[in-house]
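Each remark here refers to the structure printed beneath this line.
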Amino acid sequence: MRSLHLSAAAVSRWKIAVFLLALLPLVRIIVWALLDKMGANPLEWMTRNTGSWAIYILLLTLAITPLRRISGWNWLQKFRRMLGLYGFFYASLHLTMYLWFDHFFEWETIWPDIIKRPFVLAGMVSWSMMLALAVSSPQAVLRWMGGKRWQRLHQLMYVLVPVAVLHVYWMKSGKHDFFWPAVYGGITVLLLGLRIWFARRSLRPV
């Protein structure tokens with residue numbers, strides 16, 4: 001595919017646009033809260049909504065490299081860090097709402113819930129991996145860690161997304177709702193499969 005080149009100024013403008021677009025789910029939550037349009041259980045609606053947007057953005061982040069390799073649009077890589085941080089942001093809102101609305105930050109009830117319910121454990125594990133990636137995302141941390149160690153750490157992305165999908169699957173399976181877990185799982189398998197295919201192609205002798 002023919003490569004589409006964007007100037008540094010154009011990339012900066014697109015970054016601003018993507019930044020603002022990624023804020024829209026939060027704006028929607030605030031507006032719907034003010035208009036009382038969240039239904040009979042607004043706390044559950046907010047928790048589910050932030051979790052859904054976290055996984056949407058994580059999948060989009062995972063798609064950046066395959067899209068770049070297929071299209072030749074190398075400038076897509078410049079959006080990966082921002083999208084990853086937004087995924088962490090919505091996942092953190094999702095976690096905070098669970099800790100607050102379900103348990104009022106009382107860890108004596110949170111720990112048993114983590115042990116008892118697998119989907120809560122999977123959510124905690126995936127968020128912990130996201131935390132490690134978010135903390136290590138600044139350039140200063142990259143320089144301190146060194147490129148190879150930093151890259152190895154950020155390969156956690158290939159683990160945390162499947163764990164996040166497993167979190168959704170276990171949560172939805174209690175209601176026998178498998179549609180969205182299947183969609184997320186299928187997209188994840190496709191994206192990881194593309195990455196493996198590109199990696200193997202790059203190892204072939206010319």
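The backbone N, Cα and C atoms fix where each Cβ goes, glycine too.
Residues or ranges marked as transmembrane segment in TrEMBL: 12-33, 53-71, 83-101, 121-144, 156-172, 178-198. Residues or ranges marked as domain 'Ferric oxidoreductase' in TrEMBL: 50-164.
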* Is it the case that the transmembrane segment (178-198) and the transmembrane segment (53-71) have 3 or more CB pairs under 8 Å, with pairs at least 6 apart in sequence? -> yes
* Asked: At an 8 Å Cβ cut-off, counting only pairs 6 or more apart in sequence, do the transmembrane segment (12-33) and the transmembrane segment (83-101) clear the bar of 3 or more pairs?
  -> yes
* Structure fact -> Spatial neighbours of the transmembrane segment (121-144) not adjacent in sequence (6+ beyond its ends, CB under 8 Å) are 81, 84-85, 87-88, 91-92, 94-95, 98, 114-115, 150, 153-154, 156-157, 159-161, 163-164, 166-167, 170
* Structure fact -> If one takes Cβ-Cβ under 8 Å and requires six or more residues beyond its ends, the residues near the transmembrane segment (53-71) are 1, 3-4, 22, 25, 77, 79-80, 83-84, 86-88, 90-91, 93-94, 157-158, 160-161, 164-165, 168, 184, 187-188, 191-192, 194-195, 198
* Tell me, roughly as an integer, the mean pLDDT over the domain 'Ferric oxidoreductase' (50-164). => 95
* By DSSP assignment, list the helix, strand and coil residue numbers for the domain 'Ferric oxidoreductase' (50-164), in that order. => 102 helix, 0 strand, 13 coil
